[in-house]
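Asks: There's a structure below that I have some questions on.
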Amino acid sequence: MSQTHRILLLNGPNLNMLGAREPKHYGSISLESIEEKIQTLATQHNVKVECFQANSEGKLINKIHESFQQVDFILINPAAYTHTSVALRDALLAVSIPFVEIHLSNVHKREPFRHHSYFSDVAEGVICGLGAKGYEFAFLFAMDYLAKK
């Protein structure tokens, strides 16, 4: 890669509680540990990753808007906003940055209201049910995607 690519790792509401919150669904690894692993991968691949987590929709939207023409790829776990946020979807579409949707748990094995996503049909891909490893797979997909650009 001739240029240093920039990736934004976005995490939505309640993901700051990973490791303590419902480990049956989300595992026992903290968000900080996931971010550290992604930063290690970023160093190995000579890319820059910014990690951002917010419990409010507006802060996530603002971060997406700030990424316009600044970021090459977004990795996003919208958490509960997956099923409710047209505004986050519209923000992602507005900036035209390719993204992968990530979920720690298999949302299709859970409550029916979790089966619908406002992001899946506009994402480059969706990874769910693979726990923290899903973030690594999403990162590696982003590397492959950016290498082909």
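Cβ atoms here come from the backbone N, Cα and C positions, even for glycine.
Swiss-Prot feature annotations, pasted as is:
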| type | residues | note |
| --- | --- | --- |
| SITE | Arg21 | site 'Transition state stabilizer' |
| ACT_SITE | Tyr26 | active site, proton acceptor |
| BINDING | Asn77, His83, Asp90, Leu104, Ser105, Arg114 | substrate binding site |
| ACT_SITE | His103 | active site, proton donor |
Asks: Provide the three-state secondary structure of Ser105 (substrate binding site) computed with DSSP.
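Replies: Once the DSSP labels are grouped into three classes, Ser105 (substrate binding site) ends up as coil.
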Asks: If you measure His103 (active site, proton donor) to Asn77 (substrate binding site) at Cα, how many Å is it?
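Replies: Cα-Cα distance, His103 (active site, proton donor) to Asn77 (substrate binding site): 6 Å.
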Asks: Under 8 Å Cβ-Cβ from Asn77 (substrate binding site), six or more apart in the same chain: what's there?
Replies: Leu10, Asn11, Gly12, Leu15, Glu101, Ile102, His103, Leu104, Tyr135
Asks: Taking only same-chain residues 6+ apart in sequence, whose CB is under 8 Å from that of Asp90 (substrate binding site), what do you get?
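Replies: The list for Asp90 (substrate binding site) is empty, so the answer is none.
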Asks: Inside 10 Å of the Cβ of the residue listed as 'active site, proton donor', count up the other Cβ atoms and send me the figure.
Replies: 23
